[in-house]
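Visitor: Handing you a structure now.
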Amino acid sequence: MKIAVIGSGKLGQRHLDSWSKIQGVEVVGVIARNKTRLDEVANKYGIKSYTSIQELLAATDVDVIDICTPTDTHSELVKEAANAKKHVICEKPLALTAEEAEEAILVCKENNVQLHIGHTLRFFPEYANARQQILDGSIGKPGVIRMKRGVPHPPNGDSWYADEARSGGLFLDLGIHDLDWLLWTFGDVQRVMAKRVKRSREEKGNVEFGFITLKMTDGTICYVELSWAETNFHASFELAGDKGMITYNHNESNPLEVQIRPQVGNQSGVQVPRNVLEKDPYQRQLEHFVNCLLGKEEPIITAEEAAKSIKVAQAAIRSAKEGQPVTLTEGGR
């Protein structure tokens, strides 16, 4: 299977690293606009460089185009690749808006090509394990969920992350991770309430803190705390049910712990050790997408689910701007 990667930044190189470890695939080229960095990356990985999809397709054959570019370019690149009859892998989020995402999905269907979205959190073993514990009833009926994610502030200047018009801002770019996992685990959202705060009082200052409250259609209440003002990366969650709790902290040596309401004489908590031999989630994700393309597996994440998480992020953005809750009709569909 022949792969071409669009994007020579950090995520593009992360994907190139992962592709190099997967058997049965060949990366035939990397595409980017920044010619200097493009040549550096092409030399680093020993692959050919191109400045457009058209230039690539004129020079070589390819089965899959892997999009690792700024969010505001995703939907158009997906449609361009699909119209060229190529299967598509696209980094999250699929688009800036649910409407753009749905249009890209339609073009892929019209061209009979597969579209896979890189919601990598679903491939982190701790998050997958916690979800399965919930589905198995280990903590009983879930009641209150608290998730936290923080990263250092996106660099200023030419960084597209710092431009809300390009990245979608804190709720879409960073929050989409946890929103997707919550939808995957608990189903649809009934209502969204959000608040965002700027550290700087400057009108053009970036939103650095965000809080989202979700009421799911099953009655579960979920709190998502987001920050672009951390010193280092941080991710954690607390999942509380009527029979116990699951906690996770990325910075702990044994990050996942399941605490069951103790019975007399029984141990109340079990730590789930980190598997140091576990494959990188990006590699696991891309291997899964390849197996889906080969008909060996069913997708863990569908493009329609990716569009739904964007709709929830949009509702959070609207709620924060208007200062009012947003109800998603038909349970968030």
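Backbone N, Cα and C atoms are what each Cβ position is placed from, and that goes for glycine too.
Pulled from TrEMBL, these are the listed features:
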- 1-119: domain 'Gfo/Idh/MocA-like oxidoreductase N-terminal' (DOMAIN)
- 131-328: domain 'Gfo/Idh/MocA-like oxidoreductase C-terminal' (DOMAIN)
Visitor: On the DSSP side of things, how many residues of the domain 'Gfo/Idh/MocA-like oxidoreductase N-terminal' (1-119) fall into helix, strand and coil, could you say?
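Guide: Computed counts for the domain 'Gfo/Idh/MocA-like oxidoreductase N-terminal' (1-119) are 54 helix, 26 strand, 39 coil.
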Visitor: Over the domain 'Gfo/Idh/MocA-like oxidoreductase C-terminal' (131-328), what is the model's mean pLDDT?
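Guide: Summarising the domain 'Gfo/Idh/MocA-like oxidoreductase C-terminal' (131-328) by its mean pLDDT gives 88.
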